[in-house]
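Here's the structure, in structure tokens; my notes come after.
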Amino acid sequence: MAMVSSCRLCLRTDSLYLAIEQSAAQANSLPRSSCSVVPRRTQIICPQLQVLPNALKSLQPGHGLKRLKEGNVFAVRASTTTDTDVNVDADAVAPGKFIPASPIVLSKGPWEQIPGGVTAAKGFRAAGMYAQLRAAGKKPDLALIVCDTDAVSAGTFTKNVVAAAPVIYCKKTLADSSTARAILINAGQANAATGDAGYQDTLECVAAVAKHCGVPEGAVLIESTGVIGRRIKKDALIEAVPKLVGSLSASVASADAAAVAITTTDLVSKSVAIETKIGGTTVRLGGIAKGSGMIHPNMATMLGVVTCDVDVTAEVWRPMVITAVNRSFNQITVDGDSSTNDTLLALASGAAGGPKISDINSEEARQLQAALDAVLQGLAKSIASDGEGATCLVEVTVTGASDEAAAATVARSVAASSLTKAAIYGRDPNWGRIACATGYAGVPFDPLCLQIYLGDFHLMEKGQPLEFDSNGASAYLKKAGEVHGTVSINICIGHGPGQSQAWGCDLSYDYVKINAEYTT
């Protein structure tokens, strides 16, 4: 028998590619292993799979395996002289059963990261399940997050004129009511550019959830992601709702299932929760998000849900969420495309108790804003890091601007620069491309004040290039790509108080390949 020594899984929703390298070791079963994410480009490395069907165990050393999609089952073709086909259920080969969870890097602050995602905050339950909405495998594709009481609601949405039906519905619903009870999320069909029929599908799906949750239809919000122009598979979704509602729980596993269910081309799921104190009251905030491609400021192609148990008024919570989004999701970019479906919804249950936060200028509001910023920035960075084909996260920090908005504009410009992103992938410490993107951002500044650092390498001072260790700088970029780490670009444009950050990723050959093969 041949034993799998390593397994490379490119876990794109509609394009799962399986390649197994075999050793000559004799084994009837594979050692138990917790599959971990290690440095990769568009691939996830799984050193040893916990379970593998017997059909694969019979393959001989040296066989290369190629994946062919056959509905919900993956046909794996062994590249032998006989070109044998064997069928493998997706659940049997995916690390972490479906896709791994992304590590979330939080900014430093008076909070502690805890398990739980959207169910960490008091009063929330979640579920995620496979409802036959997507073609590839049995990866969950339908999620539901509910609050046991009326939760103060907030939302931000795409600025794309071709807004999807769920975006239009949520905007109207949030305008009509300051509270909500449930958020339904489907993956597989964007329900964008689907006209009146698509909007009616949204209403019927919302009605089904409201009925089985025992809440008013106006208390249910909805998000959709997937292929533009395709309506929700309404019948399959509605049929799945009773089981979905019945599986709701406050467990970490339920939160994780919901985080996976909302993904599309993501290689990793994004989920985070923190615990902190606000005005002496212990509170929790959690969130999930999806996004990998079509990511550009003014939201990025992303869906997100935030839950918290702070007691806060809508007049404070809603502008607070907008501020946090402007400092996070509106500051990430992968490919310059802004989606039709971008949505972030945020619910506050008030279940933690403590005094109600009703003054946005209060110290308690400042503390809540900082915690919310941390959660959303952590999720945003994980989305940028998971950019299609990306080998590293790029973090751009701008200081010395006239105000935060000016700094944010410059940071976005550099993070979005295709030439800068390509140079980083090529491990080229090209200060000229960074300076160019800084200059065309549309923010006036004195070029003689321009300073640029790449990591610890000082590239420019007073608008002039400096001599630096180009080999060392190139090695810095190479190492970041090898370990899927972070490339830091620090830019100073003057002496003002404004500062901001933006996040992106490098631009690889694989980005073009992935999007040439994937129908948007």
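Even glycines carry a Cβ here, placed using N, Cα and C.
Within 10 Å of the Cβ of Glu388 (substrate binding site) there are 25 other Cβ atoms, across all protein chains. Sequence annotations record features per position, and here Swiss-Prot assigns substrate binding site to Thr264, Lys290, Thr301, Glu388, Asn515, Thr520.
Annotation comment: Swiss-Prot describes Thr301 as active site, nucleophile.
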Q: Provide the three-state secondary structure of Asn515 (substrate binding site) computed with DSSP.
A: helix
Q) Where does Thr264 (substrate binding site) sit by DSSP, helix, strand or coil? A) coil
